[in-house]
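The next block holds one structure in the form of structure tokens; read it before the comments.
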Amino acid sequence: MATKSHITLALQLVVVALVLSIANGKGLKLGFYKKTCPRAEAIVKSITASKISLAPSLAAPLLRMHFHDCFVRGCDGSVLLNSTKNNQAEKDGPPNLSLRGFQIIDAAKTAVEAACPGVVSCADILALVARDAIQQIKGPAWPVPLGRRDGRVSIASESRTLPPPNANITQLKSLFASKGLNVKDLVVLSGGHTVGTSHCSTISSRLYNFTGKGDTDPSLDSDYVPFLKSKCKPNDRTTLLEMDPGSFRSFDDDYYTMVSKRRGLFQSDAALLDDKKTSAYVKLQAQTHGSTFFSDFKDSMVKMGQIGVLTDKAGEIRKVCTLVN
């Protein structure tokens with residue numbers, strides 16, 4: 001039987017999720033700039049398409065940038081701010097040092113500012129670019145309600161609250177619940193790992209020193225370990241690994257096949273097999289060639305894009321995405 005403390009914790013998480021689901025996204029709507037900047041979405045889409053057609057590998061980092069923005073202080077564009085003499089910003093926090101694609105956000109902002117000065121936020125532009133970049137590599141296109149305003153605060157140390165690649169399922173569920181996202185959102189958004197790359201340093205301990213005894217993570221398929229070790233030598237901090245080998249540039253359902261075979265790159269990927277709900281979802285998508293993944297991903301991205309947004313008179317509309325006005 002569940003103990004009182006477990007029941008209390010479960011109830012607290014439910015209450016937090018309910019409060020956040022009500023608060024998240026308040027004030028956002030589709031077509032927000034219809035009258036004030038009618039071409040805004042088309043301009044962002046055009047800029048993104050031109051950039052991603054030349055560098056499709058940037059689609060995954062842009063999706064990750066949106067995720068990292070929303071999970072720290074909400075979707076307020078704080079991840080875009082540069083550090084100053086007196087403050088180290090989010091983008092210089094350890095989990096964000098590998099983020100790429102800021103130049104695409106800046107290009108889209110410059111083009112939108114030329115059409116409608118001081119109207120469209122950087123937070124909205126980041127949300128649109130992430131969606132348009134994924135669509136450009138044959139991924140799903142989700143609706144993006146707009147009306148976010150830009151935050152004025154960005155603190156590097158707060159980036160440490162992002163879900164780490166070595167998180168277990170309990171930690172992941174707690175982190176997602178704290179943002180108003182449920183267990184299904186967790187396993188669906190993890191599917192974003194179907195695109196992109198990661199450094200060998202991220203999985204080094206899984207391969208060479210999992211428990212401090214020079215061993216390998218037993219949750220990894222033992223037949224897959226030699227392949228990973230051939231790519232990543234001990235102490236290799238520079239080599240890039242494909243998150244979804246063979247199709248890391250195309251958005252598809254292969255991620256779930258890899259995880260079901262115990263070949264997910266991160267411990268957080270492997271952790272999805274440690275919970276009944278997430279494991280069932282992984283196996284369903286692997287067995288049905290992602291029958292519901294795209295539609296589920298769209299739903300979860302809409303929810304994620306509404307985390308802790310600033311609207312109405314909160315925040316500001318930055319003139320330049322890297323600087324507070």
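All residue numbers here begin at 1 and follow the chain in the order shown.
Positions of Cβ are set from backbone N, Cα and C atoms, glycine also.
Here is what TrEMBL says about this protein:
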| type | residues | note |
| --- | --- | --- |
| SIGNAL | 1-25 | signal peptide |
| DOMAIN | 27-325 | domain 'Plant heme peroxidase family profile' |
| DISULFID | Cys37-Cys116 | disulfide bond |
| DISULFID | Cys70-Cys75 | disulfide bond |
| DISULFID | Cys122-Cys321 | disulfide bond |
| BINDING | His193 | heme b binding site |
| DISULFID | Cys200-Cys232 | disulfide bond |
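Long-range Cβ contacts of His193 (heme b binding site) within its own chain (separation 6+, distance under 8 Å): Met243, Asp244, Tyr255, Gly264, Leu265, Phe266, Asp269. Using Cα positions, the member of the disulfide-bonded residues Cys70, Cys75, Cys200, Cys232, Cys321 nearest to Cys37 (disulfide bond) is identified as Cys321. Cα separation, Cys70 (disulfide bond) to Cys321 (disulfide bond), rounded: 16 Å. Around the Cβ of Cys321 (disulfide bond), the number of neighbouring Cβ atoms within 10 Å comes to 23.
Annotation for the disulfide-bonded residues Cys70, Cys116, Cys122, Cys232: lowest Cβ count within 10 Å of the residue's own Cβ, Cys116. With Cys321 (disulfide bond) as the anchor, the candidate disulfide-bonded residues are Cys116, Cys200, Cys232, and the one with the nearest CA is Cys116. Cβ-based crowding with a 10 Å cutoff singles out Cys75 as the top-ranked of the disulfide-bonded residues Cys37, Cys75, Cys200. When Cα-Cα distances from Cys122 (disulfide bond) are compared across the disulfide-bonded residues Cys75, Cys116, Cys200, Cys232, the shortest belongs to Cys75. Between the CA atoms of Cys200 (disulfide bond) and Cys75 (disulfide bond) there is a gap of 29 Å.
Rounded to a whole value, the Cα-Cα separation of Cys75 (disulfide bond) and Cys232 (disulfide bond) is 34 Å.
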